[in-house]
Amino acid sequence: AFSMLGTAAGLYVIPWCNQSLLLTILMSVIGGSMGILDTGGNVLALYTWGSEAGPHLQALHFSFAAGAFLAPMVAQMDLGSSKSEELAGAEKTNQSVLKSVPTASAASTTPAPNDHRSESFLWSYIFIGTYILLVSIFFFVLFSKSSSAKDKSKASAQKDRLAKYHWPLVGLLFVFFLFYVGAEVTYGSYVYTHAMVFAEMKESEAAALNSVFWGAFAACRGAAIFGAAFLSPATMIVMSLLCSAASSVALAFFSHFRAALWVGSAVYGASMATIFPSGIAWIEQYTVVEGKTASLFVVGAALGEMCIPVAVGYLQGRYHHVPVVMYTAFVTSMVTALLFPAMYKLANWPQQRDSQEVSDRETRKTLLSNSRLTEDEEEEEHVREWNDADFEVVEMNDELKNSLMDTSHRIPGDSPAVQPHLDNALGDPPVVADGFPGRQNGSIDWEKSE
């Protein structure tokens, strides 16, 4: 909300600015506000929708592409109207000047056209600034009503665990976005000049080629809103990188054929469309993407947007006969195609190891539980064996007692003497608490009923 408020304020003031220093400061404020909006928009989408933020991120970046596609058309309309007014005003002024003062200089005719042009662009700035101001107010209203939701999103984000290689992964994605955005802006900026110099196209054809690139870019981002609901971010990135590599090869080595230039530009624009939002949605699956993490991605993209076009422009100026733009598209496509497998391996290797450790722990727990169960079964079997042995001893003692009693009855006069010895021989071991006789010295006692 604050970033859009700063953008609206800058758009309101710029038409009235007539000093270069003040204009530089205002443009810097708008640039910083847009950078904050780019960072905050991505993080807000991740906080709001979490793992299901893929289609919403694609829609967010489709709005960027749609604005980049429509803004030059709006500016061209304003420029055309101002030029027509300028020509009409200049013609009327020249006729009046020629009638009144034949020796008047042409400098006296310039104020009126400048006034018409500034007035035309003034309404454009006011219209766009008012639109952004209304959206800013809408965000302030949402912020005032969603404090609890914001706290919940922060709490849920803090519960998530950072990846073990969080910062190396962020650094690789930083470089990845640097090359990707640099290649995108470079091709969109210089394809017009390349078409006129190397393909010898007319201005209208070169402008149409540039429109084909950005039109395919915007159309593919619009289609990616629905494709992200069915395809994973990694799948979309791999498909984009493969198409980007194939089209860049065609552009680098076969761009002197017009058909290859037209088809390659369309495919290259479409393949570049989904990489940035898919990259943010992809890394969110492995680690926490907070404000400072997303800001690094935006800084990497901004560095690529600034540095690579400048370097390409410098090299193209020194080597006029070399298609530096197309070679840059080829090199950056190869670099991004090599970086993503490295990032994917780095992001999944700790997860694979952790899952293996978890499976090993589960296996050990299963083995321990089985061993405990085996020990319990062995103990129960041991108790059953002792009980069987106890019953065998009881049966043996019963037989022994019966045989002794029969002997004592057969010997007259000895029964009183034998009976005490019999009792002493069998003994009287202690009885356990539940009333059953216990085992002592390998023999089991029985109650003396006789």
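Each residue, glycine too, has its Cβ placed from N, Cα and C.
According to TrEMBL, the feature compositional bias 'Basic and acidic residues' maps to 354-365.
Per TrEMBL, region 'Disordered' is recorded for 351-381 (among others).
The annotation region 'Disordered' is assigned in TrEMBL to 405-450 (among others).
For the transmembrane segment (20-47), the list of distant contacts is 2-4, 6-7, 9-11, 13-14, 53, 56-57, 60, 150, 153-154, 157, 280, 284, 289-291, 294-295, 297-298, 302: same-chain residues at least six beyond its ends, Cβ to Cβ under 8 Å. TrEMBL lists 20-47 (among others) with the feature transmembrane segment.
Summarising the annotation, TrEMBL assigns transmembrane segment to 122-144 (among others).
Counting same-chain residues at least six beyond the ends of the transmembrane segment (165-192), those with a Cβ under 8 angstroms from any Cβ of the stretch are 206-207, 209-210, 213-214, 217, 265, 268, 272, 275-276, 279, 283, 286-288, 293, 296-297, 299-305, 307-309, 312-313, 316, 325, 328-329, 332-333, 335-336, 339-340, 342-343, 346-347, 350. Under the heading transmembrane segment, TrEMBL lists 165-192 (among others).
Marked as transmembrane segment by TrEMBL: 212-231 (among others).
If you look up TrEMBL, you'll see 236-254 (among others) marked as transmembrane segment. Through the fold, the transmembrane segment (236-254) approaches residues 224, 227-228, 260-261, 263-265, 267-268, 270-275, 278-279, 282, 323, 326-327, 329-330, 332-334, 336-337, 340 of its own chain, all at least 6 residues removed from its boundaries and within a Cβ separation under 8 Å.
Annotation source TrEMBL lists transmembrane segment at 260-282 (among others).
Long-range neighbours of the transmembrane segment (294-312) within the same chain, counting only residues 6 or more positions beyond its ends whose Cβ lies under 8 Å from a Cβ of the stretch, are 35, 38-39, 42-43, 46, 170, 173-183, 185-186, 189-190, 276, 279-280, 324-325, 328, 332. The transmembrane segment annotation in TrEMBL covers 294-312 (among others).
Look at TrEMBL and you will find 324-344 (among others) tagged as transmembrane segment. Long-range neighbours of the transmembrane segment (324-344) within the same chain, counting only residues 6 or more positions beyond its ends whose Cβ lies under 8 Å from a Cβ of the stretch, are 169, 172-173, 175-176, 179-180, 182-183, 186-187, 190-191, 193-194, 234, 237-238, 241-242, 244-245, 248-249, 251-252, 255, 268, 275, 308, 312, 315-316.
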Spatial neighbours of the transmembrane segment (260-282) far in sequence, C-beta under 8 Å, 6+ residues away: 42, 46, 53-54, 57-58, 60-61, 65, 173, 176-177, 180-181, 183-184, 187, 191, 195, 199, 209, 212-221, 224, 227-228, 233-234, 236-237, 239-244, 246-248, 250-251, 254, 289, 294, 297, 301, 329, 336
